[in-house]
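Peer 1: To start, I am sharing the structure in question, which I have written as structure tokens.
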Amino acid sequence: MSNKIKAAIIGPGNIGMDLMFKLMRSKYIDVDTVVGIIPESEGLALARKHGKKTSAEGIKAILGNKDIKIVFDATSAKAHLKHAPLLEQDGKIAIDLTPAAVGPYCVPAVTMEEQLNCKNVNMVTCAGQATTPIVYAINKIADVKYAEIVATISSRSAGPGTRQNIDEFTETTAKALEKIGGADKGKAIIILNPAEPPIMMRNTIYTRVANPDAPGIIEAIEEMVGKIKKYVPGYRLKVPPIIDGDKITTIIEVEGEGAYLPKYAGNLDIITAAAVAFADEVAKKLLAEEQAKEVRAHG
């Protein structure tokens with residue numbers, strides 16, 4: 001029995017590379033292969049330098065490889081729509097870091113347990129990971145009628161993939177505020193801030209609620225921040241929640257861990273950290289199943 005589950009990453013951009021470095025610390029996952037479509041890509045060269053198999057043939061290079069059980073897709077929403085059915089036919093678990101949203105929205109602090117058997121999960125967006133759990137926490141106590149989030153990220157942290165996905169980004173984030181957050185209506189706005197030095201990712205979450213129970217709301221928000229901090233240490237409340245009648249304003253800042261990407265790229269850090277937190281649990285489950293099979297075979 002292997003001690004780790006083999007995985008592949010499609011898309012060697014900012015997110016794909018940050019994922020690779022985070023997964024290199026995982027106790028349960030071994031990144032076997034990194035694939036892209038540009039032979040001279042810096043990401044593929046970096047993956048090779050770290051001993052990973054690489055290919056510029058895209059998804060073709062991993063289809064049919066039975067050893068690879070989990071595939072992280074860090075390409076674009078349009079590309080994932082093509083990849084999803086191919087990965088499913090090949091029996092691979094897809095963790096989608098694009099806003100394609102083929103599978104259910106996955107926000108580990110809220111949905112982890114119920115999704116461990118899913119064959120395709122969507123990591124929403126960086127803003128979705130940062131804001132949906134807060135809306136969920138407020139909704140449990142106060143019934144959120146409307147949620148609007150403004151995610152401000154450094155222009156420098158937005159690579160070509162993020163920029164191509166802006167429309168899908170706002171749409172997917174708004175839907176997650178409703179589906180996972182529980183808001184009756186959700187809206188998302190993203191702002192790319194060109195300031196130098198680059199700013200930290202900041203998320204302002206406005207909610208209107210039916211039952212404004214201030215102490216209950218503050219407690220629920222603080223508890224949720226604690227849960228997220230376990231897998232995103234740089235996640236924090238910028239100021240305490242501001243409660244004005246039925247309006248609640250929560251401001252969250254996300255500082256990246258600064259291992260591969262700079263600390264201001266908290267927007268990328270939160271989605272890769274969430275993907276790894278979820279993937280580790282899936283891999284743990286697969287390893288336990290492998291072990292049980294071996295015990296039965298030798299029993």
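Glycine is treated like the rest: Cβ placed from N, Cα and C.
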Peer 1: Which of these, Asn65, Asn267, does Swiss-Prot list as part of the NAD(+) site with Ser157, Ala158, Gly159, Pro160, Gly161, Thr162, Arg163, Gln164, Asn165?
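Peer 2: Within the candidate list, Swiss-Prot flags Asn267.
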Peer 1: Neighbour count first, Cβ atoms within 10 Å, every protein chain included; then name which of Gly159, Gly161 tops the list of binding-site residues.
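Peer 2: Result for the most crowded candidate: Gly161.
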Peer 1: Roughly how wide, in whole Å, is the group Ser157, Ala158, Gly159, Pro160, Gly161, Thr162, Arg163, Gln164, Asn165, Asn267 that binds NAD(+), by largest Cα to Cα distance?
Peer 2: 16
Peer 1: Let me know the DSSP-derived helix, strand or coil state of Gly159 (NAD(+) binding site), please.
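Peer 2: DSSP assigns Gly159 (NAD(+) binding site) to coil.
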Peer 1: What does the structure give for the C-alpha distance between Ser157 (NAD(+) binding site) and Cys126 (active site, acyl-thioester intermediate)? Integer Å is fine.
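Peer 2: About 12 Å separate the Cα atoms of these two residues.
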Peer 1: What other residues of the same chain, not counting Ser157, Ala158, Gly159, Pro160, Gly161, Thr162, Arg163, Gln164, Asn165, Asn267, have a CB atom within 8 A of the CB centroid of the NAD(+) site?
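Peer 2: Counting only non-site residues, the set is Asn14.
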